[in-house]
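Step one of this worksheet: look at the structure below.
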Amino acid sequence: MRPAGRSVQQVRPVTITRHFTRHAEGSVLIAFGDTRVLCTASVEEGVPRFLKGQGQGWITAEYGMLPRATHTRNPREAAKGKQGGRTLEIQRLIARSLRAAVDLTKLGEYTITLDCDVIQADGGTRTASITGACVALADALSSMQKKGQLKTNPMKGFVAAISVGIVAGEAVCDLEYVEDSAAETDMNVVMMEDGRMIEVQGTAEGEPFSQQELNTLLELARGGIDSLVQAQKAALVGA
């Protein structure tokens, strides 16, 4: 039996709290069960040098964990003087995923930075970051419209992400830490709301997985992402 008695396809309770901080154009606290991530979207005029003069915008991301987001304290990466490989991988994933949600040619020469800070980690921090950052991004784009910085909203659709895996021989959706640490196969899936895939990261930690198991995992991911998109849209009602 899974922790908390969840079924194989059941995601953890998800809450999305908008306008969590005052200053950012978009700000969301998202919870996937006991995993909590603060996601902010900040708008700045200008784009990276390689895009100057092209009339299009850019979306980038930064990711980090508070020192005591985990069971034992991890020193801040700033104190070490450099970011770790995992951090760099995750923030690039977040940025790639959210760029897929926006028509950058309609953004104008603005850069939106998505900052995802893990307050508490219990598995799925990158998937929670992407899902929460999408809502923060939606709020930032709405803010830009209200300020007259955008004529139309360039958002093409919602993006969400979920983890799936094989634990004790069974395919399950939305792994928490105890499941993730024991998984034979671990996979993160990022999708548009219409089911088109943005990224699939899958690794066999133990036994290799079959094509049939891969299909089962992707079906579980689609169901989980559908429920996350519903939560995103519900959070934005009345935006």
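Yeah, the Cβs are placed from backbone N, Cα and C, and that goes for glycine too.
What Swiss-Prot annotates here:
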type	residues	note
BINDING	Arg86, Gly124, Thr125, Arg126	phosphate binding site
Checking the binding-site residues Arg86, Arg126 for other Cβ atoms within 10 Å of each Cβ, the smallest tally belongs to Arg86
Which are the residues of the chain, Arg86, Gly124, Thr125, Arg126 excluded, whose CB is within 8 A of where the CB atoms of the phosphate site average out, their centroid? Tyr63, Ile90, Val118, Ala121, Gly123, Thr127, Ala128, Ser129, Asn188
Relative to the Cβ of Gly124 (phosphate binding site), which residues of the same chain, six or more apart in sequence, are found under 8 Å away? Phe32, Thr35, Ile162, Ser163, Asp174, Leu175, Glu176, Asp180
Around the Cβ of Thr125 (phosphate binding site), other Cβ atoms found within 10 Å total 24
According to DSSP, collapsed to three classes, what secondary structure does Gly124 (phosphate binding site) have? coil
